[in-house]
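Scroll down for the structure; my scribbles are underneath it.
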Amino acid sequence: GTIHLFRKSQRSLVGKLTHEFRLVAADRRSWKILLFGAINLVCIGFLLMWCSSTNSIALTAYTYLTIFDLFSLVTCLISYWVMMKKPSPVYSFGFERFEVLAVFASTVLAQLGALFILKESAERFLEQPEIHTGRLLVGTFVALSFNLFTMLSIRNKPFAYVSEAASTSWLQEHVADLSRSICGIIPGLSSIFLPRMNPFVLIDIAGALALCITYMLIEINNYFAVDTASAIAIALMTFGTMYPMSVYSGKVLLQTTPPHVIGQLDKLLREVSTLDGVLEVRNEHFWTLGFGTLAGSVHVRIRRDANEQMVLAHVTNRLYTLVSTLTVQIFKDDWIRPTLSSVPIANNILNLSDHHIIPMPSLKAADSLNPVTSTPAKPSSPPPEFSFNAPGKNVSPIILLNTQTKPYGLGFHHGSAPSGSVLNQGFGMPGMGATQGFRTGFTNVPSRYGTNARGQPRP
């Protein structure tokens, strides 16, 4: 085969991932995340073994929150990797959408886990197994301690932004109502509970509280069905917490304009349209590139005598306060005034020819038409009771002889003509005389129209 001396070797997918992982691991800030990730894997292993030994589906649902913490740590690593990478020709806007995709994937996987718990819980209602509480409480405190320690020790920039920008979940709304009542009694707690709690911390505490209630009810009354009920409650809380975040990150991936900046963008565009030299602002499109990053493009039409660089600088200065990644296309007004010609126009340009041909519908075959009604004849049907003379249908093109003078050069006669000369002009029609005319204004109108089935004139 052909030997390419200067061709670069193509890396495999595993090789590319290894290279990027080494790039991230070279930063000391990522060592802490990698350490927490290793501890998270160990905790997940122990929790899954305790879920199997206790036969508790509620503990399994709570363990899925620990698995979600692992996804959040991976998202934090991706965020560090995005800050290290620079825009490339392929990714001209940078790599910020990778962390948006990571948040969307993590929240969607957490919701899928919640749906799996709901399905298993529905099966357990039919046949409730026995729950062993030996390690149920231990697993609950281990998972709660690690989840809170991870959330409070590592600042996860993508999830911190989404938890504040997304709409509140139903769990946050109910806790906020309860917190207002508590803060009314103890005002010092307002800094912790208000305006709204961290959704990840809230779901960790609520899930641990449900497991503690499950442990007490099973130990006191051997009420094993409460484990299934607690699993359903944890799954619903997980789904309700992750759904607003999935919606927000999904809208970012769909390049939609954030609702809270639409009013500010309209105000800035109105200011741009009033700048000196700007005639029109059109084809504007603004979208969220990443978390907290807005991109946009706009076309600006300016006067032909305006300075393009000056207008571009003013437009960019106005929009850059809100749109960090901006593309502005300036084009001058291309409207051209029509010029009037002073050269006299020749008469033959406006004059029509002496013979004007008016296209008419083509004449159909004579054997398929009824000469009385000009419609297709049916051999089996009787002749019509009433017939009308309909001149002008199914005739060949008519040639009008124009012998009058044309004072305006357009082929129309504006003078008065005798009525006989107007009404006696014949029409050249096949099978009819030249003097055949209309019933109202033409001479030589026959007194009988059409024939009957035997060929005799009809009365």
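Positions of Cβ are set from backbone N, Cα and C atoms, glycine also.
TrEMBL: automatically predicted annotations, no manual curation.
The domain 'Cation efflux protein transmembrane' annotation in TrEMBL covers 34-254.
Look at TrEMBL and you will find 369-389 tagged as region 'Disordered'.
If you look up TrEMBL, you'll see 31-50 (among others) marked as transmembrane segment.
Taking Cβ pairs closer than 8 Å, the transmembrane segment (62-83) reaches residues 20, 23-24, 27, 29-30, 33-34, 36-37, 40-41, 43-44, 47-48, 51, 94-96, 98-99, 102-103, 105-106, 109-110, 113-114, 117, 139-140, 143, 146-147, 150-151, 154, 156-159, 200, 203-204, 207-208, 211, 234, 238 in its own chain, all 6 or more past its ends. Annotation source TrEMBL lists transmembrane segment at 62-83 (among others).
According to TrEMBL, the transmembrane segment annotation covers 95-116 (among others).
TrEMBL lists 136-154 (among others) with the feature transmembrane segment. Beyond its flanks by at least six residues, the transmembrane segment (136-154) meets 32-33, 36, 39-40, 43, 46-47, 50-51, 54, 56, 59, 62-63, 65-66, 69, 72-73, 76, 198, 200-201, 204-205, 207-208, 211-212, 214-215, 218 of its own chain at Cβ-Cβ distances under 8 Å.
Long-range Cβ contacts of the transmembrane segment (200-218) within its own chain (Cβ-Cβ under 8 Å, at least 6 residues beyond either end) map to 56, 58-59, 61-62, 65, 72, 131, 133, 136-137, 140-141, 143-144, 147-148, 151-152, 159, 163, 171-172, 175, 224, 226-227, 230, 233-234, 237-238, 241. TrEMBL lists 200-218 (among others) with the feature transmembrane segment.
Beyond the ends of the transmembrane segment (224-243), by six or more residues, the same chain brings 56-58, 60-62, 64-65, 107-108, 110-111, 113-115, 117-118, 120-121, 124-125, 128-131, 169-172, 199-200, 202-203, 206-207, 210-211, 213-214, 217-218 to within a C-beta distance below 8 angstroms of the stretch. Taken from TrEMBL, the feature transmembrane segment applies to 224-243 (among others).
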Would you mind listing the long-range same-chain contacts of the transmembrane segment (95-116), meaning Cβ under 8 Å and 6+ residues beyond its ends?
61, 64-65, 67-68, 71-72, 74-75, 78-79, 81-82, 85, 87, 158-159, 162, 235-236, 238-239, 242-243, 245-246, 249-250, 252-253, 289-291, 293
